[in-house]
Amino acid sequence: MSAPDFDDRMLSLGLARVAEQAAIASARLVGRGDEKAADQAAVNAMREQLNRLDISGVVVIGEGERDEAPMLFIGEEVGTGKGPAVDIALDPLEGTTLTAKDMPNALTVIAMGPRGSMLHAPDVYMDKLAIGPGYPEGIVDLDMPPATRVSALATAKGCDPSDITVCILERPRHEAMIAEVRSTGAAIRLITDGDVAGVMHCAEADVTGIDMYMGQGGAPEGVLAAAALKCMGGQIQGRLLFRDDDEKGRAEKAGIADLDRIYARDDMVAGDVIFAATGVTGGSLLPGIKRDVGWLTTETLLMRSKTGSVRRMRYRTPVPQG
Ligand SMILES: O=P(O)(O)OC[C@H]1O[C@](O)(COP(=O)(O)O)[C@@H](O)[C@@H]1O
Ligand SMILES: [Mn+2]
């Protein structure tokens, strides 16, 4: 008997539970100053839940290479093995530092698609540029200087550059970019971590106030953000960045031939995917985990690119014992 097809509708609720349980597991570690413990709790929970799903899953975006990551490493097989062949991209806790410090926008994130649907990005940096839905394809481009990106978006939006807000990770490597964007009159929302949320913010500009995301962050987070925008609408471009030969070697091992290529959203996520993210700390897209005596409440964003459907699921459960 051949393996069943990727039934995104049926699998999506299972995926939401995976994101939900990872958040529940990290709940007691929010604001406790221990990033590693928070991350480990989310990893363990995500793996346990994934292994309950009737899928033949392979982790293509995960916690790192097998020798460095004990669990959910790239290439690890997950699921019962009884279902469709799927690729999984995950970041069990996107914003470990945000969680440890109880700062906004920490999420548990996971995406799933048929085998071969997602770019096998190595764990290197990626230069990213994203905007929300409703603009013609390619109106902004990674090859444009930052100021030109702002003016191009302002023209397309029919506003002044000073009406644009750009989200950027606050890092010394972005100082020149920040200065150039400021020179256009645009506002910048600086974030300390969490660029998956940063990119997703562009897709709900009316709620978040962010029109564009740019800058260098993790390549795995770039693919996850592309999966989110494939569901929400919006454009993202990414180019892998290599600091040394070891990183280039990792890309070659992952099957990447052209190291300078600019990937558009659908180059990173070629097939239809489902995407789930649960809020760990409160943010502009999702509320964080709420603790009540004996109870926890989470909210999960669950999306399918095939239909463009977006669900927000509230889950209330007794605090797990032990
Ligand atoms: O901190 P760096 O090295 O600039 O890396 C940026 C990356 O780290 C993060 O801020 C946090 O990621 P993790 O919490 O998963 O480690 C990402 O959102 C971002 O892509
Ligand atoms: Mn991350």
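Cβ atoms here come from the backbone N, Cα and C positions, even for glycine.
Whatever TrEMBL says is automated annotation, not expert-curated.
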Given TrEMBL lists ASP91, GLU94 for Mn(2+) 2, the same-site residue among GLU175, GLU180, GLU204, GLU221:
GLU221
When DSSP states are folded down to helix, strand and coil, where does ASP91 (Mn(2+) 2 binding site) land?
strand
Among ASP39, GLU63, ASP91, GLY218, the binding-site residues whose C-beta sits under 6 Å from ligand 1:
ASP91, GLY218
By a simple count of other Cβ atoms within 10 Å, which of ARG171, ARG173, the binding-site residues in the record, is least packed?
ARG173
Candidates GLU63, ARG171, GLY194, namely the binding-site residues, that fall within 10 Å of GLU94 (Mn(2+) 2 binding site) by Cα distance:
GLY194
